[in-house]
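Student: Sharing a structure here in C-alpha cells format.
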Amino acid sequence: MAKLTVKDVDLKGKKVLVRVDFNVPLKDGVITNDNRITAALPTIKYIIEQGGRAILFSHLGRVKEEADKEGKSLAPVAADLAAKLGQDVVFPGVTRGSKLEEAINALEDGQVLLVENTRFEDVDGKKESKNDEELGKYWASLGDGIFVNDAFGTAHRAHASNVGISANVEKAVAGFLLENEIAYIQEAVETPERPFVAILGGSKVSDKIGVIENLLEKADKVLIGGGMTYTFYKAQGIEIGNSLVEEDKLDVAKDLLEKSNGKLILPVDSKEANAFAGYTEVRDTEGEAVSEGFLGLDIGPKSIAEFDQALTGAKTVVWNGPMGVFENPDFQAGTIDVMDAIVKQPGVKSIIGGGDSAAAAINLGRADKFSWISTGGGASMELLEGKVLPGLAALTEK
C-alpha cells in the first residue's frame, strides 16, 4: 500500500486522532457482537504503547433527528473497550465543546478517550455525513497533526470524521486493520494466486452488477448463489415459481451471462418451499426450474456438488453473499457446504467480503477457518468493484 501507516509516524506525547469503526449492534444497551471493537485493538494498543494519547472517533447507527439519539450513545462501547484494554477510557459524552476539549487536554501519554457518536452531528444539517468543512477542521484541531484511519467499514464514505479530518492534518495514515483489509482484498483481486474463484450470493443482482463485471475480468470462475440466482434464471426463460426476482434487471442478467465467456456458473438445482415463512413443504428441485407455488430458498445438493468441484484446487477465493436463507436451518446447507469446500482447499487464500457472509461464517462456526473476514460490507464491495475508496484516497502518500 503506497500510503503512510501508523508505524511511519512518531506518536510519543502526541494527541493522535483515530477513526475506528465501533458501529456495533446493541440490544437494550448491551453489545451483541463486539468483533469491530476487537478488530481495532491492535492499532489502539500500538498508539498507547508508543506513548501516544489516543482520541477515538466512531459513528453508531443512523441519526437524523434528536429522537434518533436514543440508544445510540457510545457509552456501552467505552465500557467494553476499557475492559478489553484493561485501563480507563475517558468518555466525555459529547462531540464538541469545552467539555471535550478540557478532557482531551487533560490526557496523559498512553491514555484513551472516546468522542461521542459522530453522527450526533447529523441532527443539525448532516454535518458528519456531508463532510462539513468546519466540523472536519474542528475535529482536526483537537489533535497534534496526526490522524489514523482504521475504519475500513466507512472508507467508502467521505465523512467529516475521516476525509474531513484527513484534509486538515499534517499526516493522515492507515491503521493496522485498514492496512490489512486493503492488502487482503485488493491483492486478491488485482494480483491473485490462481486459480482465482469468486463466489457471489445474496438476494439482489442490482447490488452486485459492478462487482460481477469486475470479477468476470479478474477471476477464473464466478459462482452465483442466493436469491439473485432466480433473476439469472428468468433471464434465460427458466421457470422460477414465486422466487425473488428483479424484473427490471433481466436484461442486465442476460448481458452478464452473454459476456461471461462461460466463467459465470449458476446453480443447477434449488431447495424450494411453498412459502418463505410458515411453509409446510420443503424439497429439492429436479433441475433448475422452481415449481409453481414454490420459491427457491437455497442452492440444492447437485449445485453444492458442482460448486465443490469448481472450487477444487483454488488458490484464491473471494466470497460475498450467502447461498440461501442461512438464518433458517432448513436453508443453510448451501452456505455451510460452500464454506467447507472453500476452506478445505490446500494453501488457499480465502477472503470473506463482510456483511451477511461474515455473519454466516461467525454464526455457523467457520470464521476461524478463513484467511480474512472483512469488517466492511459496503467498503469491501466497492473494492471488489475496483472503485477508489475516499477514506483511503485521503491518506498521505508514502
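Glycine is treated like the rest: Cβ placed from N, Cα and C.
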Student: Report the candidate from Arg96, Arg157, Arg194 that shares the substrate site with Asp21, Phe22, Asn23, Arg36, His59, Leu60, Gly61, Arg62, Arg119, as recorded in Swiss-Prot.
Tutor: Arg157
Student: I need the CA-to-CA distance for Gly296 (ATP binding site) versus Gly61 (substrate binding site), whole Å please.
Tutor: 32
Student: What Cα-Cα separation, expressed in whole Å, is found between Gly355 (ATP binding site) and Asn23 (substrate binding site)?
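Tutor: Cα of Gly355 (ATP binding site) to Cα of Asn23 (substrate binding site) measures 13 Å after rounding.
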Student: I'd like the Cβ neighbour count for Gly61 (substrate binding site), meaning other Cβ atoms within 10 Å of its Cβ, all protein chains included.
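Tutor: Around Gly61 (substrate binding site), other Cβ atoms within 10 Å: 14.
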Student: Does DSSP put Gly354 (ATP binding site) in a helix, in a strand, or in coil?
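Tutor: DSSP assigns Gly354 (ATP binding site) to coil.
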Student: Using C-alpha positions only, work out which of the binding-site residues Glu327, Gly354, Asp356, Ser357 is nearest to Asp21 (substrate binding site).
Tutor: Gly354
Student: Gly354 (ATP binding site) to Asn23 (substrate binding site): how many Å between their Cα atoms?
Tutor: 14
